[in-house]
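Working notes for the structure below.
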Amino acid sequence: MWCIVLLSLLAWVDAEPTMYGEILSPNYPQAYPNEVEKSWDIEVPEGYGIHLYFTHLDIELSENCAYDSVQIKSGGREEGKLCGQKTSKNPKSAVVEEFQVPYNKLQVIFTSDFSNEERFTGFAAYYVAVDVNECTDFADSPCSHFCNNYIGGYFCSCPPEYFLHEDKKNCGVNCSGDVFTTLIGEVASPNYPNPYPENSRCDYQILLEEGFQVVVTMRREDFDVEPADSGGHCPDSLIFVAGNQQFGPYCGNGFPGPLTIETKSNALNIIFQTDETEQKKGWKFRYHGDPIPCPKEVTANSFWEPEKAKYVFKDVVKITCLDGFEVVQGTVGSTSFYSTCQSNGKWSNSKLRCQPVDCGSPEPIPHGKVEDPEHTLFGSVTRYSCEQPYYYMETDGSEEYRCAGNGSWVNELLGAELPKCVPVCGIPSEPFKGMQRIFGGIITKIESFPWQVFFQNPRAGGALIDEQWVLTAAHVVEGNREPVMYVGSSSVVTSHLANGQMLTAERVFIHPGWEEQDASERKNFDNDIALVRLKDPVKMGPTVSPICLPGTSSDYDPSVGDLGLISGWGRTNTKDHVVKLRGAKLPVAPSDKCQEIKGTNPRIGTSSFVFTDNMICAGGRGVDSCNGDSGGAFAMQVPNEETPKFYVAGLVSWGPQCGTYGIYTRVKNYIDWIRETMQQNSAPSVD
């Protein structure tokens, strides 16, 4: 029997909800068994309540129905619990007990204990579906506004200008989608100044043309929104969103934010949200479009043209970097650029920066060095120096260079021109101490005559006067325009010449006043002077350095008796030529002394030779230069110098007889020609 009861119950549970039904206790109308617990789940269609009534009730009576009972539950809550015997109070009705619930589900539970002293027949009950007024029968109304009941259900409706949400219960206001595009206007909450609707979300947008920002102006008294709760949360709120900026949420009585809001954007979204509770009068504000301003600086270290108090959309300025700063784009640098105030309030080309000019590493100079500056940016300082003691700065004050605004290293005197280290002239590394004449004089070191040049063919001498110029006698080079020369060696033995520097002539310049004649018949040595430009500069050092040129003042006119130095590898009283350098001191002599000497050729007297003011007579008996010394320097001390310094007063030219007096070309008379020739031919010749 229990199996049959269970199957019938499962079949009843799985059945569709019915409008009515019967419930009987086990074995009804016979006595119900002991130790029974049975339940019935009643369900009627949605939209209906349940009316449950008993027509027979005969259950063991106990206090609080503790032994046997029939219990009625709805939604987990007990609606009633019955036991004992009951009869109808109305003679015209068989109903002894009834229950009515507004829900469509109900549970009936019958329980009996282990023994009954009497025979109890249980209960008979019936249920029917009854209409429920959902609008009034519940504590909370299911609709936010209007509730409409019908048999088996209800529906919600809304006032005019409201719409029903998707949940079909709550009403809201259709306040989204409005777009304001005028440059000035007013926006208000729905129904303002009457209470705004509940359960609403209003989305408005102000969209102005590019280049204008939306400026919101609010009065405090025009704002009244449900205030924040104890946790600071706004149940109803107003929010402004412009780009990635958010202003708000705002709520309360009186606007709590700034009364003027500059959004920096031409688009402003307005979001107003409300819940179902308290409603206030809402809000209103005015707005206007203001040209979007750009900041008053595009980049640092610059100035602007034109200068204005405020820059707005479409304004164009020229940005010029301050002195010492530049704009670097790739590998190209410039000092100015143009920038336009854009619609987003930002300057075009705002990524360009005026950076300090970088002059780069200072260029090296020949025969000198430059300090490595700490950095090479604008304002940095570096210093040049020359290789001492053989070179010095050609221009005093040209040592210090500063990184200038144009990106060049600049000196106050030379500008961007690099300093020049020129050879120190006239100072031998070892002073000459001998007193002997060269004709049979003493062996000396090249360090005492570092300007001495050896001409290999014809065997002769010359004087180094600059790193690329040799001064010699015209008769030395008139027959050989490509002479082979050496400097820096005391010995002219072929194997020893390698210790010095070989010089290559690039071009020979003979004085235009020199008359070319057969050497054996020559009687006129006037203007016996020539210049040789070297192909490559000579490196100076202790054995190689130039001799100074004479000045143009009268101090450089040698007086009779003044001593000078001569050097060379020419003939001596015992040898036709020597291989080791010899040097001597000899005095300046009156010119008539040279004219009185008889020559080695008895057929030609000295009276037939030409004597001019371009010649110096020097030497004496046993004190003279000779064959092989031609072109060498007759060196004298520079006047008024504390440190001994030598200049080339004369060049070995000719003499009637070796070992007596000799004739020297007076170099002072040719200074203009020398300097002019050197200046005009400073650049390498082009073949």
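Glycine is no exception: its Cβ is also placed from the backbone N, Cα and C atoms.
Listed by Swiss-Prot as binding Ca(2+) are Glu60, Asp68, Asp131, Val132, Glu134, Asn149, Tyr150, Gly153; the candidate from Asp41, Asp113, Asp178 that the record includes in that site is Asp113.
Checking the candidates Cys294, Cys321, Cys403 against Swiss-Prot, the cysteine paired with Cys354 through a disulfide bond is Cys321. Checking the candidates Cys594, Cys658 against Swiss-Prot, the cysteine paired with Cys617 through a disulfide bond is Cys594. Other Cβ atoms within 10 Å of the Cβ of Cys156 (disulfide bond), summed over all protein chains shown, number 21. As a whole-number mean, the pLDDT of the domain 'CUB 2' (175-290) in this prediction is 93. When the disulfide-bonded residues Cys171, Cys251, Cys359, Cys386, Cys403 are ranked by how far their Cα is from the Cα of Val132 (Ca(2+) binding site), Cys171 comes first. Per DSSP, the secondary structure of the domain 'CUB 1' (16-130) breaks down as 3 helix, 60 strand, 52 coil. Between the alpha carbons (Cα) of Cys421 (disulfide bond) and Asp113 (Ca(2+) binding site) lies a span of roughly 129 Å.
Taking only the Cα positions, the spacing between Glu60 (Ca(2+) binding site) and Cys234 (disulfide bond) is 60 angstrom.
Classification of Cys594 (disulfide bond) by DSSP places it within a helix.
Considering other CB atoms within 10 Å as the measure, the emptiest surroundings among the recorded positions Cys65, Val132, Cys386 are those of Cys65.
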